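Annotated features, as they stand in TrEMBL:
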type	residues	note
TRANSMEM	12-32	transmembrane segment
TRANSMEM	71-90	transmembrane segment
TRANSMEM	118-136	transmembrane segment
TRANSMEM	142-163	transmembrane segment
Amino acid sequence: MKNIFNTFRHMGLIAIICSTLGSLLLFVVGAMKTYTAFAIVFLGKVPEESMAHLDTAELATTYLIKSLDTFLIAFVLFIFAHGVFTLFILDKDEKELKGKIKVLRWINTPNIGHLKNILAEVIVIILFVKFLELVLVNINNLTWEILILPISIVLLSAGLKLLGLGDHE
């Protein structure tokens, strides 16, 4: 029975490979969004007609915020892939060997709860970035309905704090 579970843990390789490939894809997409910001400023390109009312600086800022958001998600996928590898694939003997090799603290994944904390924190940050992007794009047409997103961010953050998911070791 132990051999079956030992073999089954290698199914995590699917999650690792897909997360790593997704991370690489998002790094490319983030770089493309950064390039778009430069193209807006230096080449005068307007990527979407719906954003034509914004000036050059606002458009470039919007795309840079989008790129930062994309890079953040890419890093989370990378950390997730590393965490699944560390928790489910790596043998104890390999973990002892790995203990001799220094891993950056921000990528160290001691347990599955740590991965959940990272994901929860990133969801809050992504929602906040989306709110900033929404305000920037609709700066001339702000309505009270726009407050729904920041209120939900505050409620989500409070819920995570009550659950203790925001606490760090």
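Cβ from N, Cα, C; glycine included.
Those TrEMBL annotations? Automatic predictions, nothing curated.
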If we skip the immediate neighbours and take only residues 6+ beyond the ends of the transmembrane segment (71-90), which ones have a Cβ under 8 Å from one of its Cβ atoms?
9-10, 12-13, 15-17, 19-20, 22-27, 30, 98, 106-107, 109, 111-112, 114-115, 118-119, 122, 125-126, 129
Would you mind listing the long-range same-chain contacts of the transmembrane segment (12-32), meaning Cβ under 8 Å and 6+ residues beyond its ends?
67-68, 70-71, 73-75, 77-78, 80-81, 84-85, 88-89
